[in-house]
Amino acid sequence: MPPSASESEFQDAVRKAKCIIVVAGAGLSAASGRVTFQRVGACSMTASSQVFQRFVELVASGANPSFCWQFYHYRRETALKCAPNDAHRVLAQLSIPKTLKKIAPNATSYDLITQNVDGLSPRALRELEAEIMEARGEDRPAKSERPRLDSITEMHGKLFEVKCSSDDCNWAVEDYTMPLCPALGATSNELEDIQGGIENTEKSIDEKDLPRCAKCGALARPGVVWFGETPRYMSEINQKVFRADLCLVIGTSSTVMPIRTFDS
């Protein structure tokens, strides 16, 4: 089918679809107030873009866990101040089988594959389920009337997951505690100040005071996929992409691997 901007053709494609996947990127969360890497990278050489570039270098080298954790402390704090927007909520609605049938009567499956780590899509699902359960009271809704909490695949990990940095340890936990450790609570949360801390030894946090693995005591790290690492759940994602006959791309330019191969 040639490219088309026809709303009726889009609606027809949705009605005929049997296996629907949504591939979401940073733009999905932009309306929630999240600063995206794309926006930071597009800036002129401001403090924010310098932080991002320097951050990539430091993470790749593993040379400065203090700066890494200060950066992610900032990201965690800003994410907690955000709420799911209308786009998150619409996608959450599609995970309800009964709702999906009204829009795509032939659909047998719906899955959201997100590159985002901010947790806003899962939050939208949980909030929707809570609203439905509260509205129904003791009249428990049928499975077809509830959102599928397993409909989201977070391929780049989770901002609020903390995991062991050792390859020999499988410890990982979701932790929304702010700050994760007292030392991080004493740092500034402004990107410009964090950037200053890259070279400023006065803002450096001793490694022993950073988050640690509760199982083996090694240094902990954020549970996100860094540049150069393999995205999560690729086998499951490839199966979903192979089965799909309709792919909706939302909030991403689809230039990041492996997303850019999904249409081939």
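A Cβ is built for glycine as well, from the same backbone N, Cα and C atoms used for every other residue.
Pulled from TrEMBL:
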type	residues	note
ACT_SITE	H156	active site, proton acceptor
BINDING	C164, C169, C213, C216	Zn(2+) binding site
DOMAIN	1-264	domain 'Deacetylase sirtuin-type'
CB-centroid shell, 8 A cutoff, Zn(2+) site C164, C169, C213, C216, site residues removed: S165, S166, D168, N170, W171, A214, K215, G217, A218, A220
Least Cβ-crowded entry, counting other Cβ within 10 Å, from the binding-site residues listed as C164, C213, C216: C216
CB contacts for H156 (active site, proton acceptor) [other CB atoms within 10 A, all chains]: 18
C164 (Zn(2+) binding site) - helix vs strand vs coil (DSSP): strand
Inter-residue C-alpha distance, the residue listed as 'active site, proton acceptor' and C164 (Zn(2+) binding site) (nearest angstrom): 16
Cβ neighbour count within 10 Å of C169 (Zn(2+) binding site): 15
